[in-house]
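The feature NADP(+) binding site is assigned by TrEMBL to A:GLY9, A:PHE10, A:GLY11, A:THR12, A:VAL13, A:GLY14. Look at TrEMBL and you will find A:9-149 tagged as domain 'Aspartate/homoserine dehydrogenase NAD-binding'. Among the features that TrEMBL reports, NADPH binding site is placed at A:LYS126. Residues or ranges marked as domain 'Homoserine dehydrogenase catalytic' in TrEMBL: A:159-335. Among the features that TrEMBL reports, L-homoserine binding site is placed at A:GLU210. Positions annotated as active site, proton donor by TrEMBL: A:LYS225.
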Number of protein chains: 2
Amino acid sequence: MHFDIAFIGFGTVGRGMAELLLEKKSILEKLYNITWRVVAISDLRYGSIINDNGIDLKEALSLVESNKDFKFLNGKRGLSSIEVIKESNSNLIVEVTWTNLIDGEPGYSHVKTALNLGKNVITTNKGPIALYYKELKELANRKNAQLRYKGTVMSGTPSFNIFEGPLAGCNVESIRGILNGTTNFILTEMEKGLDYEQALKEAQRLGYAEADPTMDVEGLDATAKLVILINTIFDMDIKLSDIRRKGITSIRINDIKEALNMGKRIKLIAKAEKIDNKILAEVSPQYIPISDPLANIMGVMNAITFKTDCLGDVTIVGPGAGKRATGYALISDMIAISNKLSKD
Amino acid sequence: MHFDIAFIGFGTVGRGMAELLLEKKSILEKLYNITWRVVAISDLRYGSIINDNGIDLKEALSLVESNKDFKFLNGKRGLSSIEVIKESNSNLIVEVTWTNLIDGEPGYSHVKTALNLGKNVITTNKGPIALYYKELKELANRKNAQLRYKGTVMSGTPSFNIFEGPLAGCNVESIRGILNGTTNFILTEMEKGLDYEQALKEAQRLGYAEADPTMDVEGLDATAKLVILINTIFDMDIKLSDIRRKGITSIRINDIKEALNMGKRIKLIAKAEKIDNKILAEVSPQYIPISDPLANIMGVMNAITFKTDCLGDVTIVGPGAGKRATGYALISDMIAISNKLSKD
């Protein structure tokens, strides 16, 4: 299948995908029969550009590397992201603007606009998916467009998408995961002897935590991911507020030491269980026995354990963030769309 | 797609699949558009039966449960497995006879006969795949038949098949796995204080180890699985004898204690690395740092770490054996074949 791609957002994640598109160009064509062209890029910082004959992606990347805007590229300039989605001759919108868990904007409007036009959307933006999954999924179905969002949970590491292929036909009975690398890093550093404030500073110094770390340390980020997992896997329509949530800000070094003395580790666990068609879900710090695979996930790594009817517990461990790992999530979504559409 | 199934072998694994076929009948139809009928069963112990109008699978299972043979079923009886493959009106051969790593028989002849007739084959039998992968794959391609063998490595737990969907487009740089549950169980018991002989006896008592444990404890089983992984993932044609192999029979409790004192565990690791189009591979006991996800795989669990170019290390942990888990591997192969053939 051929993709005419419009990037809405061209920050770290968008550029991560762009670099992989270039690097994997021949593999995509040879193994998956995928060809692509970038026909538009829109970014708050670098401006917007449309060129239906194709934008030189290498050039665009090198402009951004040297902090220059897109006025050096040929094409139509100055349009808003919404206009770019509408006016570009694109069949794949890559929505990679920032996450907003209050109203999902601007991602929500981007995704809705694209789907309304029957354009396929891939995104790593948790906002629109955590807040409006059901609505957007139905819109996509109605408009015969594909909507994929692998990168919203554990970046490119397999998570809910494993049930499309390798675990097809299995029922999920429960989900337990370490879905936020920042808090797991802080807890890991605290085990080494830093107190909470020091560990948070270290996370900020390394770029794992934002200046305002609320989203991570209060468990909001993990909660958004859990909502996405639940709605996707159980085909539900639950909301952020349906999930009991407790962050890690009140954890002290002593708690961590005490846990270790009992053969346990404190981890921020996102979990959900389906009982009689009801979902019991929460995000909170939990004492996990050292023998549990999740107890041994250290630093910024993510992990998830699916309890399934066919296999019991299956655990997947991998990166949950990073330019390349999240860029790859979008590549995997693109391949999945191509497989799906070449099939129908 | 509709499958007319012939079971060649109806031991634990075949029955595991049969039970899941019955249990998942409506899901298979609703979600994957798969219908099926069992048209033949052949088993050394219970005899063989062909009925192109369909065999009552529940009835067949209950006969076997009560140790009765298939003469109580309607149909043509007394044919050999090869004849059953040829004469049944089947389009899916489920080859689940015993593993033989010397010449692959009788599985090798079963698989070859089926593919030569253009019949799809799914199998959990390591013999034919570890010994004749390239030949059988080429035969399948030539005859336009599907050959799938998920259950040969880690039963139904995702292993090499993860690169078809969730990790499509990623290159594998190295593989490291705990692929044999029996030896991992023995090492786990030795950590609790049993010596090698006691731990082996315990494994035999629980049905994890055979009366002759050579295949497991000498690392042959893990080596066969590693060969299958390497040939599948790297599209190679390596042989069992290409892999340096050392089992666990010389490990003593003291070795395990010493390792723990160094913050490590001894694990039987199957590993392969691709360097300049050459494969470096071995199966041997290794000292693994406790911080490594593989170090914390205890008992009969299996695990594998793929180092990939897109994501770095991704680890999958799950069961590597068991009636239901291995039966599910065959279900997942069946779904994959249906997806593939509905697509072409």
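Glycine is no exception: its Cβ is also placed from the backbone N, Cα and C atoms.
The structure, with features from TrEMBL marked on it.
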{"residue": "A:GLY9", "record": "NADP(+) binding site", "Cβ within 10 Å": "25"}
{"residue": "A:PHE10", "record": "NADP(+) binding site", "Cβ within 10 Å": "27"}
{"residue": "A:GLY11", "record": "NADP(+) binding site", "Cβ within 10 Å": "17"}
{"residue": "A:THR12", "record": "NADP(+) binding site", "Cβ within 10 Å": "14"}
{"residue": "A:VAL13", "record": "NADP(+) binding site", "Cβ within 10 Å": "28"}
{"residue": "A:GLY14", "record": "NADP(+) binding site", "Cβ within 10 Å": "26"}
{"residue": "A:LYS126", "record": "NADPH binding site", "Cβ within 10 Å": "26"}
{"residue": "A:GLU210", "record": "L-homoserine binding site", "Cβ within 10 Å": "13"}
{"residue": "A:LYS225", "record": "active site, proton donor", "Cβ within 10 Å": "26"}
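Calculated from their C-alpha atoms, the gap between A:GLY9 (NADP(+) binding site) and the residue listed as 'NADPH binding site' amounts to 14 Å. A:LYS225 (active site, proton donor) sits 18 Å from A:GLU210 (L-homoserine binding site), taking the C-alpha atoms as the reference points. In this structure, the CA atom of A:GLY14 (NADP(+) binding site) is 15 Å away from the CA atom of the residue listed as 'NADPH binding site'. Apart from A:GLY9, A:PHE10, A:GLY11, A:THR12, A:VAL13, A:GLY14, the NADP(+) site neighbourhood in this chain, defined by C-beta within 8 angstroms of the site C-beta centre, holds A:PHE7, A:ARG15, A:GLY16, A:ASP43, A:VAL96, A:THR97.
Helix, strand and coil residue tallies for the domain 'Aspartate/homoserine dehydrogenase NAD-binding' (A:9-149), in that order: 67 helix, 25 strand, 49 coil [DSSP].
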